[in-house]
Amino acid sequence: MFSLSSTVQPQVTIPLSHLINAFHSPKNISVSVNTPVSQKQHRDTVPEHEAPSSEPVLNLRDLGLSELKIGQIDKMVENLLPGFYKDKRVSSCWHTSHISAQSFFENKYGHLDMFSTLRSSSLYRQHPKTLRSICSDLQYFPVFIQSRGFKTLKSRTRRLQSTSERLVEAQNIAPSFVKGFLLRDRGTDLESLDKLMKTKNIPEAHQDAFKTGFAEGFLKAQALTQKTNDSLRRTRLILFVLLLFGIYGLLKNPFLSVRFRTTTGLDSAVDPVQMKNVTFEHVKGVEEAKQELQEVVEFLKNPQKFTVLGGKLPKGILLVGPPGTGKTLLARAVAGEADVPFYYASGSEFDEMFVGVGASRIRNLFREAKANAPCVIFIDELDSVGGKRIESPMHPYSRQTINQLLAEMDGFKPNEGVIIIGATNFPEALDNALIRPGRFDMQVTVPRPDVKGRTEILKWYLNKIKFDKSVDPEIIARGTVGFSGAELENLVNQAALKAAVDGKEMVTMKELEFSKDKILMGPERRSVEIDNKNKTITAYHESGHAIIAYYTKDAMPINKATIMPRGPTLGHVSLLPENDRWNETRAQLLAQMDVSMGGRVAEELIFGTDHITTGASSDFDNATKIAKRMVTKFGMSEKLGVMTYSDTGKLSPETQSAIEQEIRILLRESYERAKHILKTHAKEHKNLAEALLTYETLDAKEIQIVLEGKKLEVR
């Protein structure tokens, strides 16, 4: 084996097995070196035709190399075999040792004279003239120097510049026989390899061996090159995949991913929102608020109509109202009617954990809006970003966002053509500088719908489902006092789901009443097993509430009473006013307290003070809240007068004691009134409790029948 190491070409290993087999083994060679000259001369007389029978015979045509020209053999031999010099004084890499000798062979047997080795071989004895002529024509070629060491990029670079011998090596190694044979000009008339070997008087057996060694070396070089390229390609692919996984892991980390993100997160606000399918026809039950916003839309469509009189486009509109009344729906209707760019943002989208992000997003939002003026910006949950500025060590930089919002709405730079619509259900938390004229010029209240508005909303949502003609939306509207638009939509949807579960083809009043009770009293829990004793206590408890509500003048009418467990309670009495109540009188508040006391009073009268239960805790909470508001907010206490007390913690001990005394008096009087009514109507109380134990649920008409002493129809 010869090791071909080059700094220019990849390492090529050329096995010349057939040529080396012609020489003796290492031991025989070492002996032949010390043989006298006379013995060598005697061996030279061996006939040439007595070649060893072990020499292999190979056809060059089988390797595909028979078409080589004659002129290629000289350069091929120059690139393949090293030159031999008898004079050891010639400077050569064969006489240079960096770590040890040039090969393991010389480490073991010492330096040999190559001509002596050749002359002692059987091949030389058989063909002395042929080998002598070949070796005389061979040129010095240092490519077969065995270079041993750590194969690193640093060591290879150092070898290129370490010694002049390496530079000579790099100069003599032309792109070797691989590049020479593949890129040679094919138009040149070169002699074939076969003719050249015949000219040099090389026997056919040795020609085949020589060509076989050449072919094997060429194929080995190609295989090693391909293997190296494949390894590099796989390594690069693995590193690239690991890099992608690393970047993905950083992006998934909530703390590190922010550093790789720009000021996105407000993409929905920066891009205009199209709301072509929502108009003011979809808004029901809030006619006054809708009228206010329709004027703004008209201003956007035809500004000359208003500016001819010197009017200006309003800069901000603040929508205020309880949850579910349609504030966001109104803003969407403005977007659909105005036909101008509409930008949406939520108050919680501005601020994050890093300082300055909120102010930057405010600037980006208004910069985009000004570039597309006239336009509308809708900020939902405005109290999240526009709350009052306070000095707090927990949020020392929270004022930057609202300050930037104030400057953009009405600051030094003009802001023409951009209308800001804000929505909140907590206007008390807004900063005073934000709600002043010039920023939010208009404040529109979006209240809960009245009976007429609830009827319109129910008709709108009923038209989206299949319902029976016997359904009367006005009856449902009168029984849903205080419901918002969102709650009415949920009521209709729950009724449709109930009808689908029961296998009905359309929604009837039964499903609507069921969904109303489910919203008012909670879902039924029929799987709960209650013993007769607790069921009896619950029946008398709920009957006590119903008796007080029925016989108290200013109490709200009864809607339904049940001892079916619903939600967290074992029973419930639903009260609904006949009409919308815009305010409440002192008599109505006292009646509510009396109704709340009815449950505990009934337990005490029927079962005794030792058997009262904890079921009245929520009733006492409700009664105490009413009494406290009457004393501290409504000015309904004769002793304390019309003064209000918003923060009782800052009051003097005497005042606090007086407030507590007045609340205690109101509760005691309410308890006594409820006890008087139940003692007076003890028979009706008993009949109603027995009816509840029998039927579990009674509506207003059935309760009236029982209290009048009549019998209910068998269900």
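Any Cβ shown, glycine's included, is placed from N, Cα and C.
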Item to check | Further binder of Zn(2+) named by Swiss-Prot next to His541, His545, taken from the candidates Asp468, Asp472, Asp619 | outcome: Asp619
Item to check | Of the candidates Val283, Val296, Val376, the one that Swiss-Prot places in the ATP site of Thr325, Gly326, Lys327, Thr328, Leu329 | outcome: Val283
Checklist entry - Other than its own, how many Cβ atoms are within 10 Å of the Cβ belonging to Val283 (ATP binding site)? => result 24
Item to check | Count of other CB atoms lying within 10 Å of the CB belonging to Lys327 (ATP binding site) | outcome: 26
Item to check | Per-residue Cβ crowding (10 Å cut-off), top of binding-site residues Thr328, Leu329 | outcome: Leu329
Item to check | Maximal Cα-Cα distance (Å) across residues annotated as binding ATP, namely Val283, Thr325, Gly326, Lys327, Thr328, Leu329 | outcome: 10
Next on the checklist: Considering every residue in the topological domain 'Mitochondrial matrix' (1-237), what is the mean pLDDT value?
Outcome noted: 53
Checklist entry - Far apart in sequence but close in space: which same-chain residues, 6 or more away, have a Cβ under 8 Å from Thr325 (ATP binding site)? => result Val286, Val446, Pro447, Arg448, Pro449, Ser484, Gly485, Ala486
